[in-house]
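Annotated in TrEMBL:
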TRANSMEM  B:6-26  transmembrane segment
TRANSMEM  B:53-70  transmembrane segment
TRANSMEM  B:82-98  transmembrane segment
TRANSMEM  B:118-139  transmembrane segment
Amino acid sequence: MQRLIFAALSGALFGAGLLVSGMVDTVKVQGWLDVFGAWDPTLAFVMGGAIVPMFIAWRVAERRKTAVLGTPIPAKPAQRLDRNLVIGSLMFGAGWGLVGLCPGPALAAAFLNGSSGLIFLVAMLAAMVATPALRRAMP
Amino acid sequence: MLQQDWIWGLIGGLMIGSAGALFLLMNGRIMGASGIIGGLVDGSGRGNWGERLAFLAGLVLFPPVLAGLYQTVDTRLTDNVWLLAAAGLLVGFGTRLANGCTSGHGVCGISRLSWRGLAATMVYIAAGGVIVLLFRHWLGVI
């Protein structure tokens, strides 16, 4: 039960942060990517602000080895730049630029984006369901 | 950018990072939006589905409550169905192939000094920049 409460609290705080920071505004997000137009640097402040508490948390977590509720701290993945990381990030960035939505804000604004947001979410979830099959089909 | 936008960006960013810190230190989980929902829908996260669902409930339900409290929020999302569908598919496939998105690779990866996270972040920002250049300034469709 404690795990569920802290998970819900964390999700709520994440969503609140996305709302307060302005990152649910898709035009602001596209503005960050629009280096050759009316560039909007807000996202850099959001990312910078988010990295500070997270940096401290990682230092604490790696010393403790175990989270407060008993789960081991996840091991750092092998630092290898494989093909899927690059291809996947290229695809993700392209979709992000097209409409200004990434998974966090798309979920946080699920009830604020109207039917347009629903179309995006359905497509995103369908692709997520299909990805294991795509991985197997890739040479 | 309005003058106070960067302050709200910074405050919101600190909240996002604190949420990630809470999830890591209490639950021992990495706060990556695409991983949390992806593992739920493709079945790979069956072992801790309750935790995932609780996180998503907070993420989906709290912002509209908060938004209703102080102002109406205009997300200015396009209503072009083709763009929305294409973008959704690209984001879904892309984040699951790369094992992370802005929260997982960007916030949680870079703060752990993970080169993978930093590399992924540079690649998706560059790709997004090229797409905005192409579709906004050359084709004029976004």
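Every residue, even glycine, has its Cβ placed from backbone N, Cα and C.
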Below 8 angstroms Cβ to Cβ, which residues of this chain, lying six or more residues outside the transmembrane segment (B:53-70), approach it?
23, 31, 33, 36-37, 40
Same-chain residues at least 6 beyond the ends of the transmembrane segment (B:82-98) whose Cβ lies under 8 Å from its Cβ atoms:
34, 38, 42, 104-105, 120, 124, 141-142
